[in-house]
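Marked as L-serine binding site by TrEMBL: T311, R342, E365, N475. What TrEMBL lists as ATP binding site is R342, T343, E344, V358, H359, Q360, F361, E429, I430, S431, S432. Summarising the annotation, TrEMBL assigns coiled coil to 113-170. Annotated domain 'Aminoacyl-transfer RNA synthetases class-II family profile' per TrEMBL: 267-502, in sequence order. Under the heading site 'Important for serine binding', TrEMBL lists T477.
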Amino acid sequence: MGLGGTTLQTLKLATIPTPSSSSLRSVFKPLSQSFLYRHSRRRPALQLFFVRGLSAPAVQATATATPKTTSPDENGMKQQWKAAIDFKWIRDNKDAVAANIKKRNSNANLEHVLELYHKMLNLQKEVEQLRGERNVVANKMKGKLESSERQRLIEEGKNLKEGLLSLEEDLLKLTDELQQEAQCIPNMTHPDVPIGGEDFSTIRKMVGTPHEFSFPVKDHLQLGKELDLFDFDAASEVSGSKFYYLKNEAVMLEMGLINWTLLEVMKRGFTPLTTPEIVRSSIVEKCGFQPRGANTQVYSIEDSDQCLIGTAEIPVGGIHMDSIIAASLLPLKYVAVSHCFRTEAGAAGTASRGLYRVHQFSKVEMFILCRPEESDFYHEELIRIEEDLFSSLGLHYKTLDMASGDLGAPAYRKFDIEAWMPGLARFGEISSASNCTDYQSRRLGIRFRSSEPALTNPKKGKSNLAPPQFVHTLNATACAVPRMIVCILENNQQEDGSVIIPEPLRPFMGGLEFIHPKPR
């Protein structure tokens, strides 16, 4: 599902008011602290190379990615970015990889990957053998030779060159096919993740109890209509289904949620960002999402290599693409404000009505880049921040350790938080926190280098610094605005039809304590 057959020309985005500079000064850290080494933009394109091994808890198929080039090849097609894949590790750990593919309900074809890898190894040997023969012929021609012998060697060299060009072309095609197949292999899975579909996810934590009401409970749609907070009918005429206008206090509530969340997360050492909301399709792919296909959640822009973002995780992940970060700068912590766009293909029914599932929404997203040995620690930190935020708003929620079948390809482990929504009479997902280990960084080419010397003596002329390693990336939702509005309206409704504004949000809403019904 795309953009309805039209080409997107422009997006008009609403600006987000921010608090005064004095209130921000205490929580901002200087941006210079998060600068990194970046390769010169004038350098030649990175060459494809193969890594020898992957970190044990985070093994997966893809490795450092070369930038996607937009120049067409001989057939007029854009060249596909390539990842350096540790096929040897996959082959040597075939049983573990196969079991992981099965437990995650992945459609990756491991047998085909290994078959292509075997063919590639054999073809590489043939290429190397032919190159060796060509070098032998070239060396023979350097000496004094009879005319007939020189002519024979010239013919032999010509034949070897033609044969080598043919084999190299076959090798390139085989490598491309192998790349496409291997990129379907998902990240490995944390040993504590429950095995099975979504129903096998386990409750990690339960906080609070459902609000008790002495009057008939209204859902957010009814509350929004009576309080004149949003308009789905007009938005449907203007944009289509699953779009909406926020009105009156709902606009203030969105801004209040964003600014309160932003400042709370910044207090924990996160650098704030706003991001591009249109990105190249290759960045979407490198982050582990599918920008094309019948069931994609991504809006692709027709006749371009660009997409609308479904989460700020994608443009934030791309900030440090093809970079080596000084180890002393890690972790890098970002909190990003953006609009998000999702096709919500296949989403329908009463469980998705109203603001619960929409095509466009505002979101505050946390993103961390860290050392491999620290990613479990920061995963716990992210879920703790989420829980602190939702507890501050007085929500009744549960934290889930998501089962293997519900993990997307990049996630090594994922925790979801579901809050009680009285009007919908069920728990609904309001956030998730994922540890993607080095799945994304190997595709995006994000590494770090320690200032400590290598353990072994370097070769002559080589640096004695330890080789760069891939960072681990983590992401977590701090605030998905529409679902937070659902929670606040439904949990804080009063018998007289008003809604209480949670105390932490009041300073960000001009001191507003209640949303009252409008006079008719």
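Indices start at 1 and increase along the chain as displayed.
Cβ coordinates are placed from backbone N, Cα and C, and glycine is handled just like the others.
Features per TrEMBL, on structure.
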| residue | record | Cβ contacts under 8 Å, 6 or more apart |
| --- | --- | --- |
| T311 | L-serine binding site | S338, C340, K363, E365, N475 |
| R342 | L-serine binding site | Q297, V298, Y299, G310, H359 |
| E344 | ATP binding site | K242, Q297, S352, R357, V358, H359 |
| F361 | ATP binding site | H339, C340, A480, V481, P482 |
| I430 | ATP binding site | F390, L395, Y397, I417, E418, A419, T477, A480, R483, M484, C487 |
| S432 | ATP binding site | M402, K414, F415, D416, I417, A476, T477 |
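Counting Cβ atoms from all protein chains shown, N475 (L-serine binding site) has 27 others lying within 10 Å of its own Cβ. In sequence order, I309, G310, A312, E313, I314, C340, K363, T477 are the same-chain residues whose CB sits within 8 A of the CB centroid of T311, R342, E365, N475, the residues recorded for L-serine being left out. The Cβ neighbour count for H359 (ATP binding site), using a 10 Å radius over every protein chain in view, is 19.
Around the Cβ of E365 (L-serine binding site), the number of neighbouring Cβ atoms within 10 Å comes to 27. Per-residue pLDDT, averaged over the domain 'Aminoacyl-transfer RNA synthetases class-II family profile' (267-502), rounds to 92. Comment: L-serine site residues T311, R342, E365, N475; largest CA to CA distance 18 Å, whole number. Our reading of the ATP binding annotation (R342, T343, E344, V358, H359, Q360, F361, E429, I430, S431, S432) yields a largest Cα to Cα distance of 19 angstrom.
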